[in-house]
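**Student:** The structure under discussion is supplied below as C-alpha coordinates; questions concerning it will follow.
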Amino acid sequence: MSTNNTEYLAKRQLKRGTAGWLLLAGLGVSYVISGDFAGWNFGIAEAGWGGFAIAAVLMAIMYLALVLSLAEMSAAIPAAGGGYSFARQAIGPAGGYLTGLAVLIEYALAPAAIVIFIGSAVEALTGFNGPWIYALFYLLFVGIHLAGVGEALKVMMVISGLAVLAIIATAFVLITNFDASRLFDVPVTDAVGASEFLPLGWYGVWAALPFAMWLFLAVEGVPLAAEEAKDPAKDVPKGIIGAMIFLLFTAFLVVVLVPGAGGAAAMGASAVPLVDALNASGSEGLATVVNILGLAGLVASFFSIIYGYSRLVFALSRAGYLPRSLSITTNRKVPARALIVPAVFGFLVSLSGEGDLILAMAVVGATVSYALMALSHILLRVKQPDLPRPYKTPGGVVTSSIALVLSLIALTGVYAFDPRAFLYTMVLFIVGAAYYFGYSSKHLVAKSANEEFAMLADAESDLEMAK
(Lines of atoms letter the chains of each structure in order from A and count residues from 1; the text may use other names and numbers.)
(Lines give C-alpha, C1' and ligand atoms only; values in the text may rest on other atoms or scores of the structure.)
Protein backbone atom coordinates (compact mmCIF):
# COMPACT_ATOMS: atom_id res chain seq x y z
CA MET A 1 0.00 0.00 0.00
CA SER A 2 1.55 3.32 -1.03
CA THR A 3 1.92 6.15 1.46
CA ASN A 4 -0.10 8.41 -0.86
CA ASN A 5 -3.02 5.97 -0.89
CA THR A 6 -2.90 5.62 2.88
CA GLU A 7 -2.90 9.39 3.32
CA TYR A 8 -5.75 9.73 0.81
CA LEU A 9 -7.95 7.23 2.65
CA ALA A 10 -6.93 8.51 6.10
CA LYS A 11 -8.85 11.68 5.26
CA ARG A 12 -11.86 9.61 4.23
CA GLN A 13 -12.72 7.42 7.22
CA LEU A 14 -16.16 6.66 8.67
CA LYS A 15 -16.67 5.73 12.32
CA ARG A 16 -16.55 1.93 12.58
CA GLY A 17 -18.59 -0.27 14.90
CA THR A 18 -21.37 2.23 15.55
CA ALA A 19 -24.47 0.28 14.51
CA GLY A 20 -25.69 -3.20 15.45
CA TRP A 21 -28.40 -5.03 13.52
CA LEU A 22 -31.24 -3.57 15.58
CA LEU A 23 -30.10 -0.02 14.90
CA LEU A 24 -29.75 -0.88 11.21
CA ALA A 25 -33.29 -2.28 11.19
CA GLY A 26 -34.42 0.96 12.80
CA LEU A 27 -32.61 2.86 10.06
CA GLY A 28 -34.46 0.83 7.43
CA VAL A 29 -37.83 1.56 9.04
CA SER A 30 -36.91 5.21 9.43
CA TYR A 31 -36.11 5.52 5.72
CA VAL A 32 -39.63 4.43 4.84
CA ILE A 33 -41.99 5.28 7.70
CA SER A 34 -43.28 8.57 6.27
CA GLY A 35 -44.79 6.57 3.41
CA ASP A 36 -47.25 4.94 5.82
CA PHE A 37 -48.69 8.33 6.78
CA ALA A 38 -49.42 9.74 3.33
CA GLY A 39 -48.72 9.33 -0.36
CA TRP A 40 -49.58 5.65 -0.75
CA ASN A 41 -53.31 6.40 -0.53
CA PHE A 42 -53.33 8.36 -3.80
CA GLY A 43 -52.94 4.97 -5.45
CA ILE A 44 -56.53 4.24 -4.39
CA ALA A 45 -57.65 7.22 -6.50
CA GLU A 46 -55.80 5.69 -9.46
CA ALA A 47 -57.04 2.12 -9.09
CA GLY A 48 -59.71 1.78 -6.40
CA TRP A 49 -58.94 -0.24 -3.29
CA GLY A 50 -58.82 -3.62 -5.04
CA GLY A 51 -56.53 -2.35 -7.77
CA PHE A 52 -54.27 -0.68 -5.27
CA ALA A 53 -54.19 -3.83 -3.13
CA ILE A 54 -52.93 -5.78 -6.15
CA ALA A 55 -50.31 -3.10 -6.83
CA ALA A 56 -49.24 -3.16 -3.17
CA VAL A 57 -48.85 -6.96 -3.17
CA LEU A 58 -46.75 -6.82 -6.36
CA MET A 59 -44.50 -4.12 -4.92
CA ALA A 60 -44.23 -5.98 -1.60
CA ILE A 61 -43.02 -9.04 -3.53
CA MET A 62 -40.56 -6.88 -5.49
CA TYR A 63 -39.11 -5.28 -2.38
CA LEU A 64 -38.92 -8.55 -0.45
CA ALA A 65 -37.09 -10.21 -3.37
CA LEU A 66 -34.78 -7.21 -3.67
CA VAL A 67 -34.07 -7.08 0.07
CA LEU A 68 -33.20 -10.79 0.16
CA SER A 69 -30.83 -10.24 -2.79
CA LEU A 70 -29.26 -7.18 -1.15
CA ALA A 71 -28.82 -9.10 2.10
CA GLU A 72 -26.58 -11.61 0.31
CA MET A 73 -24.56 -8.97 -1.53
CA SER A 74 -24.14 -6.73 1.52
CA ALA A 75 -22.76 -9.65 3.54
CA ALA A 76 -20.32 -10.52 0.75
CA ILE A 77 -19.38 -6.91 -0.11
CA PRO A 78 -19.78 -4.75 3.04
CA ALA A 79 -18.99 -1.28 1.65
CA ALA A 80 -20.59 2.14 2.22
CA GLY A 81 -21.60 2.38 -1.45
CA GLY A 82 -24.37 -0.21 -1.10
CA GLY A 83 -25.88 -0.90 -4.53
CA TYR A 84 -23.08 1.00 -6.28
CA SER A 85 -20.46 -1.29 -4.70
CA PHE A 86 -22.37 -4.43 -5.69
CA ALA A 87 -22.89 -3.26 -9.28
CA ARG A 88 -19.27 -2.18 -9.68
CA GLN A 89 -18.09 -5.67 -8.81
CA ALA A 90 -20.75 -7.37 -10.95
CA ILE A 91 -21.12 -5.09 -13.98
CA GLY A 92 -17.95 -2.99 -13.95
CA PRO A 93 -17.10 0.69 -13.37
CA ALA A 94 -19.77 2.09 -15.70
CA GLY A 95 -22.47 -0.18 -14.26
CA GLY A 96 -21.41 0.75 -10.74
CA TYR A 97 -21.57 4.44 -11.50
CA LEU A 98 -24.97 4.27 -13.22
CA THR A 99 -26.38 2.29 -10.30
CA GLY A 100 -24.94 4.80 -7.86
CA LEU A 101 -26.33 7.66 -9.97
CA ALA A 102 -29.80 6.11 -9.93
CA VAL A 103 -29.73 5.72 -6.13
CA LEU A 104 -28.34 9.25 -5.77
CA ILE A 105 -31.20 10.69 -7.84
CA GLU A 106 -33.65 8.87 -5.58
CA TYR A 107 -31.94 9.89 -2.34
CA ALA A 108 -31.25 13.51 -3.33
CA LEU A 109 -34.80 14.12 -4.58
CA ALA A 110 -36.76 12.24 -1.89
CA PRO A 111 -35.81 14.67 0.94
CA ALA A 112 -36.79 17.58 -1.33
CA ALA A 113 -40.25 16.06 -1.76
CA ILE A 114 -40.53 15.15 1.91
CA VAL A 115 -39.57 18.65 3.10
CA ILE A 116 -42.42 20.05 0.99
CA PHE A 117 -44.78 17.63 2.76
CA ILE A 118 -43.22 18.66 6.10
CA GLY A 119 -44.00 22.27 5.21
CA SER A 120 -47.65 21.36 4.63
CA ALA A 121 -47.79 19.50 7.96
CA VAL A 122 -46.22 22.45 9.79
CA GLU A 123 -48.73 24.77 8.12
CA ALA A 124 -51.64 22.60 9.28
CA LEU A 125 -50.34 22.75 12.85
CA THR A 126 -49.03 26.33 13.06
CA GLY A 127 -50.09 28.23 9.95
CA PHE A 128 -46.46 28.71 8.82
CA ASN A 129 -45.00 27.37 5.57
CA GLY A 130 -42.68 28.33 2.75
CA PRO A 131 -39.01 28.18 1.74
CA TRP A 132 -37.78 29.30 5.15
CA ILE A 133 -39.45 26.24 6.72
CA TYR A 134 -37.67 24.04 4.17
CA ALA A 135 -34.35 25.75 4.92
CA LEU A 136 -34.88 25.43 8.68
CA PHE A 137 -35.42 21.66 8.50
CA TYR A 138 -32.44 21.12 6.19
CA LEU A 139 -30.19 23.21 8.46
CA LEU A 140 -31.39 21.51 11.64
CA PHE A 141 -31.05 17.90 10.53
CA VAL A 142 -27.91 18.26 8.45
CA GLY A 143 -26.49 19.95 11.56
CA ILE A 144 -27.38 16.96 13.75
CA HIS A 145 -25.65 14.64 11.26
CA LEU A 146 -22.56 16.82 11.39
CA ALA A 147 -22.39 16.14 15.15
CA GLY A 148 -21.57 12.47 14.46
CA VAL A 149 -23.16 9.24 13.30
CA GLY A 150 -23.79 7.83 16.78
CA GLU A 151 -25.70 10.90 17.90
CA ALA A 152 -27.60 11.11 14.61
CA LEU A 153 -28.77 7.48 14.64
CA LYS A 154 -29.95 7.76 18.25
CA VAL A 155 -32.05 10.83 17.41
CA MET A 156 -33.41 8.99 14.38
CA MET A 157 -34.48 5.99 16.49
CA VAL A 158 -36.43 8.21 18.89
CA ILE A 159 -38.25 10.03 16.08
CA SER A 160 -39.03 6.76 14.27
CA GLY A 161 -40.32 5.22 17.48
CA LEU A 162 -42.85 8.03 17.88
CA ALA A 163 -44.04 7.55 14.31
CA VAL A 164 -44.43 3.78 14.75
CA LEU A 165 -46.35 4.37 17.98
CA ALA A 166 -48.78 6.59 16.07
CA ILE A 167 -49.41 3.88 13.45
CA ILE A 168 -49.99 1.16 16.06
CA ALA A 169 -52.35 3.38 18.08
CA THR A 170 -54.27 4.26 14.91
CA ALA A 171 -54.62 0.59 13.99
CA PHE A 172 -56.03 -0.31 17.43
CA VAL A 173 -58.75 2.32 17.07
CA LEU A 174 -59.60 1.72 13.41
CA ILE A 175 -59.94 -2.04 13.76
CA THR A 176 -63.05 -1.49 15.89
CA ASN A 177 -64.59 0.69 13.15
CA PHE A 178 -63.61 -1.46 10.18
CA ASP A 179 -66.30 -2.15 7.58
CA ALA A 180 -65.25 -4.14 4.49
CA SER A 181 -67.96 -2.50 2.36
CA ARG A 182 -66.13 0.83 2.66
CA LEU A 183 -63.21 -0.64 0.73
CA PHE A 184 -65.36 -0.77 -2.39
CA ASP A 185 -67.12 2.61 -2.43
CA VAL A 186 -65.19 3.96 -5.43
CA PRO A 187 -67.57 4.31 -8.43
CA VAL A 188 -67.03 1.75 -11.20
CA THR A 189 -65.86 3.31 -14.48
CA ASP A 190 -66.06 2.01 -18.05
CA ALA A 191 -62.31 1.25 -18.13
CA VAL A 192 -61.15 -2.08 -19.54
CA GLY A 193 -61.56 -4.79 -16.91
CA ALA A 194 -63.50 -2.52 -14.54
CA SER A 195 -65.51 -4.12 -11.73
CA GLU A 196 -66.47 -3.38 -8.15
CA PHE A 197 -63.09 -4.77 -7.08
CA LEU A 198 -61.22 -2.96 -9.89
CA PRO A 199 -63.32 0.19 -10.44
CA LEU A 200 -60.70 1.78 -12.72
CA GLY A 201 -59.70 -1.43 -14.49
CA TRP A 202 -56.27 -2.93 -15.04
CA TYR A 203 -54.74 0.33 -16.26
CA GLY A 204 -55.39 1.68 -12.77
CA VAL A 205 -53.32 -1.12 -11.24
CA TRP A 206 -50.43 -0.15 -13.50
CA ALA A 207 -50.70 3.55 -12.64
CA ALA A 208 -50.93 2.74 -8.90
CA LEU A 209 -47.57 0.92 -8.76
CA PRO A 210 -45.51 4.06 -7.94
CA PHE A 211 -47.81 4.84 -4.99
CA ALA A 212 -47.53 1.28 -3.70
CA MET A 213 -43.75 1.68 -3.76
CA TRP A 214 -44.10 4.55 -1.28
CA LEU A 215 -44.88 1.93 1.39
CA PHE A 216 -41.32 0.55 1.06
CA LEU A 217 -39.28 3.15 -0.84
CA ALA A 218 -35.67 3.58 0.36
CA VAL A 219 -35.45 0.46 2.58
CA GLU A 220 -32.72 -0.63 0.18
CA GLY A 221 -30.51 2.02 1.77
CA VAL A 222 -29.60 -0.07 4.83
CA PRO A 223 -26.37 -1.41 3.21
CA LEU A 224 -25.14 2.20 2.90
CA ALA A 225 -24.34 1.91 6.62
CA ALA A 226 -22.19 -1.21 6.14
CA GLU A 227 -18.86 0.44 6.98
CA GLU A 228 -20.30 1.77 10.25
CA ALA A 229 -21.82 -1.55 11.35
CA LYS A 230 -20.33 -3.59 14.20
CA ASP A 231 -20.27 -6.81 12.16
CA PRO A 232 -21.31 -5.93 8.58
CA ALA A 233 -21.49 -9.51 7.29
CA LYS A 234 -24.05 -10.42 9.97
CA ASP A 235 -25.64 -7.13 11.00
CA VAL A 236 -26.56 -5.70 7.58
CA PRO A 237 -28.53 -8.77 6.33
CA LYS A 238 -30.35 -9.09 9.67
CA GLY A 239 -31.03 -5.35 9.75
CA ILE A 240 -32.47 -5.01 6.25
CA ILE A 241 -34.56 -8.19 6.48
CA GLY A 242 -35.85 -7.19 9.93
CA ALA A 243 -36.81 -3.75 8.62
CA MET A 244 -38.62 -5.26 5.63
CA ILE A 245 -40.65 -7.67 7.76
CA PHE A 246 -41.77 -4.83 10.02
CA LEU A 247 -42.64 -2.62 7.04
CA LEU A 248 -44.77 -5.40 5.53
CA PHE A 249 -46.70 -5.44 8.81
CA THR A 250 -47.26 -1.66 8.94
CA ALA A 251 -48.17 -1.58 5.23
CA PHE A 252 -50.85 -4.22 5.80
CA LEU A 253 -52.27 -2.22 8.72
CA VAL A 254 -52.62 1.07 6.86
CA VAL A 255 -53.72 -0.32 3.48
CA VAL A 256 -56.53 -2.39 4.99
CA LEU A 257 -57.65 -0.47 8.08
CA VAL A 258 -57.47 3.16 6.92
CA PRO A 259 -59.81 2.84 3.90
CA GLY A 260 -61.84 0.22 5.76
CA ALA A 261 -62.67 2.80 8.42
CA GLY A 262 -62.60 6.05 6.45
CA GLY A 263 -63.85 4.85 3.07
CA ALA A 264 -61.70 4.15 0.02
CA ALA A 265 -63.01 7.09 -2.04
CA ALA A 266 -62.38 9.61 0.73
CA MET A 267 -58.98 8.21 1.64
CA GLY A 268 -57.88 8.24 -2.00
CA ALA A 269 -58.16 12.03 -1.96
CA SER A 270 -56.89 12.67 1.58
CA ALA A 271 -53.68 14.56 2.33
CA VAL A 272 -53.63 12.98 5.82
CA PRO A 273 -55.39 9.60 5.53
CA LEU A 274 -54.66 8.30 9.04
CA VAL A 275 -55.95 11.52 10.58
CA ASP A 276 -59.06 11.64 8.39
CA ALA A 277 -59.83 7.97 9.08
CA LEU A 278 -59.61 8.61 12.83
CA ASN A 279 -61.87 11.67 12.52
CA ALA A 280 -64.38 9.60 10.54
CA SER A 281 -64.30 7.05 13.37
CA GLY A 282 -65.04 9.70 16.00
CA SER A 283 -61.54 9.69 17.53
CA GLU A 284 -60.79 13.40 17.12
CA GLY A 285 -58.43 13.53 20.11
CA LEU A 286 -56.20 10.74 18.82
CA ALA A 287 -56.44 12.26 15.33
CA THR A 288 -54.81 15.44 16.64
CA VAL A 289 -52.02 13.44 18.29
CA VAL A 290 -51.45 11.36 15.14
CA ASN A 291 -51.37 14.54 13.07
CA ILE A 292 -48.49 15.77 15.23
CA LEU A 293 -46.73 12.38 15.23
CA GLY A 294 -47.25 12.18 11.47
CA LEU A 295 -44.83 15.06 11.29
CA ALA A 296 -42.39 12.85 13.22
CA GLY A 297 -42.79 10.21 10.52
CA LEU A 298 -41.95 12.70 7.79
CA VAL A 299 -38.99 13.99 9.78
CA ALA A 300 -37.73 10.43 10.40
CA SER A 301 -37.59 9.66 6.69
CA PHE A 302 -36.17 13.09 5.86
CA PHE A 303 -33.48 12.67 8.51
CA SER A 304 -32.49 9.12 7.61
CA ILE A 305 -32.43 9.62 3.83
CA ILE A 306 -30.04 12.55 4.37
CA TYR A 307 -27.80 10.03 6.16
CA GLY A 308 -28.17 7.63 3.22
CA TYR A 309 -27.28 10.09 0.49
CA SER A 310 -24.25 11.32 2.43
CA ARG A 311 -22.80 7.79 2.62
CA LEU A 312 -23.47 7.17 -1.06
CA VAL A 313 -21.86 10.47 -2.12
CA PHE A 314 -18.95 9.64 0.22
CA ALA A 315 -18.42 6.25 -1.45
CA LEU A 316 -18.76 7.56 -5.02
CA SER A 317 -16.40 10.45 -4.26
CA ARG A 318 -13.82 8.26 -2.50
CA ALA A 319 -13.71 6.04 -5.60
CA GLY A 320 -13.30 9.06 -7.90
CA TYR A 321 -16.72 8.92 -9.57
CA LEU A 322 -17.67 12.27 -8.01
CA PRO A 323 -15.28 15.12 -7.06
CA ARG A 324 -12.88 13.69 -4.47
CA SER A 325 -13.27 16.63 -2.11
CA LEU A 326 -16.81 15.44 -1.28
CA SER A 327 -15.49 12.39 0.61
CA ILE A 328 -13.19 14.20 3.04
CA THR A 329 -14.35 13.51 6.59
CA THR A 330 -14.15 15.66 9.73
CA ASN A 331 -12.45 14.86 13.03
CA ARG A 332 -15.72 13.16 14.02
CA LYS A 333 -15.41 10.98 10.88
CA VAL A 334 -18.44 12.62 9.28
CA PRO A 335 -18.48 13.31 5.49
CA ALA A 336 -19.50 16.96 5.91
CA ARG A 337 -19.39 18.00 2.26
CA ALA A 338 -21.31 14.89 1.24
CA LEU A 339 -24.02 16.02 3.66
CA ILE A 340 -24.09 19.69 2.69
CA VAL A 341 -23.81 19.75 -1.13
CA PRO A 342 -26.81 17.44 -1.84
CA ALA A 343 -28.77 19.35 0.83
CA VAL A 344 -28.25 22.59 -1.08
CA PHE A 345 -29.37 20.84 -4.28
CA GLY A 346 -32.43 19.38 -2.54
CA PHE A 347 -33.38 22.74 -1.03
CA LEU A 348 -33.22 24.42 -4.45
CA VAL A 349 -35.39 21.66 -5.95
CA SER A 350 -37.91 22.00 -3.10
CA LEU A 351 -38.48 25.65 -4.04
CA SER A 352 -40.54 24.38 -7.00
CA GLY A 353 -43.19 23.22 -4.53
CA GLU A 354 -43.93 20.23 -6.82
CA GLY A 355 -43.80 17.53 -4.16
CA ASP A 356 -45.70 14.89 -6.15
CA LEU A 357 -43.59 15.41 -9.28
CA ILE A 358 -40.32 15.31 -7.33
CA LEU A 359 -41.44 12.14 -5.58
CA ALA A 360 -42.30 10.49 -8.90
CA MET A 361 -38.83 11.40 -10.19
CA ALA A 362 -37.30 9.79 -7.10
CA VAL A 363 -39.30 6.64 -7.87
CA VAL A 364 -37.85 6.56 -11.41
CA GLY A 365 -34.34 6.67 -9.96
CA ALA A 366 -35.28 3.97 -7.48
CA THR A 367 -36.72 1.54 -10.04
CA VAL A 368 -33.70 1.90 -12.33
CA SER A 369 -31.39 1.19 -9.39
CA TYR A 370 -33.48 -1.84 -8.35
CA ALA A 371 -33.19 -3.36 -11.81
CA LEU A 372 -29.42 -2.85 -11.82
CA MET A 373 -28.99 -4.21 -8.28
CA ALA A 374 -31.07 -7.30 -9.07
CA LEU A 375 -29.02 -7.80 -12.24
CA SER A 376 -25.86 -7.47 -10.13
CA HIS A 377 -27.03 -10.31 -7.88
CA ILE A 378 -27.60 -12.54 -10.90
CA LEU A 379 -24.24 -11.70 -12.48
CA LEU A 380 -22.32 -12.20 -9.22
CA ARG A 381 -23.87 -15.65 -8.84
CA VAL A 382 -22.87 -16.53 -12.42
CA LYS A 383 -19.45 -14.83 -12.65
CA GLN A 384 -18.23 -15.26 -9.05
CA PRO A 385 -19.80 -18.46 -7.70
CA ASP A 386 -16.94 -18.87 -5.19
CA LEU A 387 -17.33 -15.41 -3.65
CA PRO A 388 -17.72 -15.93 0.13
CA ARG A 389 -21.38 -15.41 0.98
CA PRO A 390 -22.08 -15.46 4.75
CA TYR A 391 -25.78 -15.13 3.89
CA LYS A 392 -27.39 -16.63 0.78
CA THR A 393 -30.61 -15.42 -0.83
CA PRO A 394 -33.43 -18.00 -0.58
CA GLY A 395 -34.31 -18.98 -4.13
CA GLY A 396 -31.03 -17.66 -5.52
CA VAL A 397 -31.23 -16.01 -8.95
CA VAL A 398 -34.95 -16.83 -9.23
CA THR A 399 -35.59 -14.39 -6.38
CA SER A 400 -33.45 -11.63 -7.91
CA SER A 401 -35.02 -12.26 -11.33
CA ILE A 402 -38.45 -11.59 -9.81
CA ALA A 403 -37.13 -8.31 -8.41
CA LEU A 404 -35.64 -7.42 -11.81
CA VAL A 405 -38.86 -8.02 -13.77
CA LEU A 406 -41.13 -6.26 -11.27
CA SER A 407 -38.80 -3.25 -11.03
CA LEU A 408 -38.96 -2.77 -14.80
CA ILE A 409 -42.76 -3.02 -14.69
CA ALA A 410 -42.83 -0.46 -11.87
CA LEU A 411 -40.64 1.87 -13.95
CA THR A 412 -43.24 1.87 -16.72
CA GLY A 413 -45.90 2.56 -14.09
CA VAL A 414 -44.31 5.94 -13.37
CA TYR A 415 -44.67 6.80 -17.06
CA ALA A 416 -48.32 5.76 -16.91
CA PHE A 417 -48.89 8.09 -13.96
CA ASP A 418 -46.79 11.11 -14.97
CA PRO A 419 -44.69 11.10 -18.18
CA ARG A 420 -43.01 14.36 -17.06
CA ALA A 421 -41.36 12.64 -14.11
CA PHE A 422 -39.97 9.94 -16.38
CA LEU A 423 -38.60 12.43 -18.92
CA TYR A 424 -37.13 14.87 -16.36
CA THR A 425 -35.34 12.02 -14.59
CA MET A 426 -33.92 10.78 -17.88
CA VAL A 427 -32.43 14.27 -18.35
CA LEU A 428 -30.68 13.93 -14.97
CA PHE A 429 -29.36 10.52 -16.03
CA ILE A 430 -28.02 11.95 -19.29
CA VAL A 431 -26.24 14.78 -17.47
CA GLY A 432 -24.79 12.36 -14.90
CA ALA A 433 -23.70 9.88 -17.58
CA ALA A 434 -22.05 12.67 -19.59
CA TYR A 435 -20.02 13.65 -16.50
CA TYR A 436 -18.84 10.07 -16.03
CA PHE A 437 -17.95 9.24 -19.62
CA GLY A 438 -16.52 12.69 -20.28
CA TYR A 439 -14.46 13.11 -17.10
CA SER A 440 -14.62 10.88 -14.02
CA SER A 441 -14.12 7.55 -15.82
CA LYS A 442 -10.57 8.76 -16.53
CA HIS A 443 -9.92 9.72 -12.89
CA LEU A 444 -11.05 6.69 -10.86
CA VAL A 445 -8.99 5.86 -7.78
CA ALA A 446 -8.95 2.14 -8.65
CA LYS A 447 -9.43 0.36 -11.97
CA SER A 448 -11.66 -2.40 -10.60
CA ALA A 449 -13.89 -3.15 -7.64
CA ASN A 450 -11.46 -5.76 -6.30
CA GLU A 451 -8.59 -3.27 -6.52
CA GLU A 452 -10.65 -0.65 -4.67
CA PHE A 453 -11.65 -3.06 -1.90
CA ALA A 454 -8.07 -4.32 -1.55
CA MET A 455 -6.83 -0.73 -1.31
CA LEU A 456 -9.40 0.04 1.39
CA ALA A 457 -8.47 -3.08 3.36
CA ASP A 458 -4.74 -2.29 3.14
CA ALA A 459 -5.35 1.29 4.23
CA GLU A 460 -7.43 0.13 7.18
CA SER A 461 -4.61 -2.19 8.25
CA ASP A 462 -1.98 0.55 7.87
CA LEU A 463 -4.06 3.06 9.82
CA GLU A 464 -4.71 0.57 12.62
CA MET A 465 -0.98 -0.18 12.90
CA ALA A 466 -0.23 3.55 13.02
CA LYS A 467 -2.49 4.10 16.06
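Glycine is treated like the rest: Cβ placed from N, Cα and C.
Just so you know, TrEMBL annotations never went through curation; they're auto-generated.
According to TrEMBL, the protein has these features:
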DOMAIN    35-439  domain 'Amino acid permease/ SLC12A'
TRANSMEM  21-43  transmembrane segment
TRANSMEM  49-73  transmembrane segment
TRANSMEM  94-119  transmembrane segment
TRANSMEM  131-149  transmembrane segment
TRANSMEM  156-180  transmembrane segment
TRANSMEM  200-219  transmembrane segment
TRANSMEM  240-266  transmembrane segment
TRANSMEM  286-309  transmembrane segment
TRANSMEM  334-351  transmembrane segment
TRANSMEM  357-382  transmembrane segment
TRANSMEM  394-415  transmembrane segment
TRANSMEM  421-439  transmembrane segment
**Student:** Please check if the transmembrane segment (49-73) comes into contact with the transmembrane segment (131-149), where contact means 3 or more CB pairs closer than 8 Å and the residues in each pair are separated by 6 or more positions.
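**Tutor:** Not in contact, no.
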**Student:** Is the count of Cβ pairs under 8 Å between the transmembrane segment (94-119) and the transmembrane segment (334-351), pairs 6 or more apart in sequence, 3 or more?
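**Tutor:** Contact between the transmembrane segment (94-119) and the transmembrane segment (334-351): present.
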**Student:** Counting only residues 6+ away from its ends, which parts of the chain sit with a Cβ under 8 Å from the transmembrane segment (357-382)?
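**Tutor:** Long-range Cβ neighbours of the transmembrane segment (357-382): 39, 62, 65-66, 69-70, 72-73, 76, 83, 86-87, 89-91, 95, 98-99, 102-107, 109-110, 112-113, 116, 210, 213-214, 217-218, 220, 349-350, 393, 396-397, 400-401, 403-404, 407-408, 410-411, 414, 417-418, 420-422, 424-426, 428-429.
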**Student:** Any chance the transmembrane segment (334-351) and the transmembrane segment (156-180) are in contact, meaning at least three CB pairs closer than 8 A with a sequence separation of 6+?
**Tutor:** no
**Student:** If you average pLDDT over the domain 'Amino acid permease/ SLC12A' (35-439), what do you get?
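**Tutor:** For the domain 'Amino acid permease/ SLC12A' (35-439), the model's average pLDDT rounds to 93.
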